[in-house]
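Right, I'll just put the structure down here and ask away after.
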Amino acid sequence: MGKLSPCTGRSRPGGPGPQLPLLLLLLQLLLLLLSPARASGATQPPHVVFVLADDLGWNDLGFHGSVIRTPHLDALAAGGVVLDNYYVQPLCTPSRSQLLTGRYQIHLGLQHYLIMTCQPSCVPLDEKLLPQLLKEAGYATHMVGKWHLGMYRKECLPTRRGFDTYFGYLLGSEDYYTHEACAPIESLNGTRCALDLRDGEEPAKEYNNIYSTNIFTKRATTVIANHPPEKPLFLYLAFQSVHDPLQVPEEYMEPYGFIQDKHRRIYAGMVSLMDEAVGNVTKALKSHGLWNNTVFIFSTDNGGQTRSGGNNWPLRGRKGTLWEGGIRGTGFVASPLLKQKGVKSRELMHITDWLPTLVDLAGGSTNGTKPLDGFNMWKTISEGHPSPRVELLHNIDQDFFDGLPCPGKNMTPAKDDSFPLEHSAFNTSIHAGIRYKNWKLLTGHPGCGYWFPPPSQSNVSEIPPVGPPTKTLWLFDINQDPEERHDVSREHPHIVQNLLSRLQYYHEHSVPSHFPPLDPRCDPKSTGVWSPWM
């Protein structure tokens, strides 16, 4: 006699058949196999380690042909996917805010300059950040290093924005050894210097005279050592290197005695020390059993600062500009989970793309975010699929001022507030830039447009462009002219008009820039530590 079906109670001939618990188990296995995290080939969501360098130039790594020795980074890049058409923002705060929100700075109110020490400003508190989304997906989230996304209120701090732990500094730059940052205080008619180093939300006062890259590497490797491999990890390691001030232990400069320019020589040592630090982090991932299920990402936040040893040759411009030298990012992905390795990707990508890419890879959801400007790039990176991104807004800043003018210049060129009839879609006196496929349009004053050859390797320190200083519109075919030497706006007026129309669209859909006056209440005189003051 047949047995009773547990589902219906009816007689079923031919033996026992599958029971309900077994069916549920098979269904769970099927759902697991179809999840985004399984798409990488991992048995669980992958660990994500994101290393962000500060002010690292295009010509500052070995795999871009630099004389600076970076064997660990070179090896990781050679075994991974080099992002050769990858863009960041010209300055610290804009890149970091777009990395963690997946949204353009025109949608955050952060399109003008960066967050100053005493400004009552931070990434809007109603924005959901990458670590919050990864926590919801079951990740442990840790941050080490530079924040620079605002700290005037405790609600702005990393530990209030999704990170389980934080060790680092909150402002834009500081001394590598004393960990003190200096900023203007209006009531002093001068500057105040105070400690800017925290463990969680408490001041970390016991690290004086210890080089910051070494401190941050030690904390990162400790996080890795203490992390259970079965739980997914997100580690955001934002090095101080290689932002000024130019400081490094003497032994790291010794291999670069052939570099005559002192700034470049110190800078080279700083890059080499950072390269060694990256090697120590990847060594820790391997020795503690995490590497085989890790996606390791390396990126700069903006182009190199040529006034402080950095170099972007042969690209035009530098940090703070919309020229390629300011925004074309050095970056790569290394991971055993990549389906293609040892390749160079020419697919268009932007720093806003990391949030949707990593959240999807983690099996998480972006449903709680505001509309994203980033795209999921994992199949592009891992498998070589075409990029879903064809357009990229570099920025629109109608209040732009040139804080880093060309050598011998001391002001931003005067604006012409008229709307030339042939370019009526957008006011071309406004500082703006947009990319569509291979085309890049710039308007207004993009920043210093010189080319800067590597120091000590050329008879000239800079090469100025030829053309009127009042020029406010350029079009380049970046695929054919990555050095931005040939303006082709006159040859392609229809492309100019289309891109100006797109700039006007973005301009109309942007939020007002939030750049409040400095608040004298920020003064850390009473505590000696830069801290929230509101």
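Every residue, even glycine, has its Cβ placed from backbone N, Cα and C.
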Choose one of CYS92, CYS156, CYS182: the cysteine that Swiss-Prot connects to CYS122 by a disulfide bond.
CYS156
Which residue in the list CYS118, CYS182, CYS193 does Swiss-Prot annotate as forming a disulfide bond with CYS522?
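In Swiss-Prot, CYS522 forms its recorded disulfide with CYS118.
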If I go by Swiss-Prot, which of CYS92, CYS406 binds Ca(2+) at the same site as ASP54, ASP55, ASP301, ASN302?
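So, going by the record in Swiss-Prot, that would be CYS92.
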Looking at ASN280, ASN410, which one is marked N-linked glycosylation site in Swiss-Prot?
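Record annotation (Swiss-Prot, N-linked glycosylation site): ASN280.
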Need one residue: from HIS64, HIS227, HIS243, the one Swiss-Prot lists with LYS146, LYS319 for substrate.
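Answer per Swiss-Prot: HIS243.
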Starting from the Cβ of CYS156 (disulfide bond), draw a 10 Å sphere and report how many other Cβ atoms land inside it.
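So the number of other Cβ atoms within 10 Å of CYS156 (disulfide bond) is 22.
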Give the distance between the Cα atoms of CYS156 (disulfide bond) and ASN302 (Ca(2+) binding site), rounded to the nearest whole Å.
23
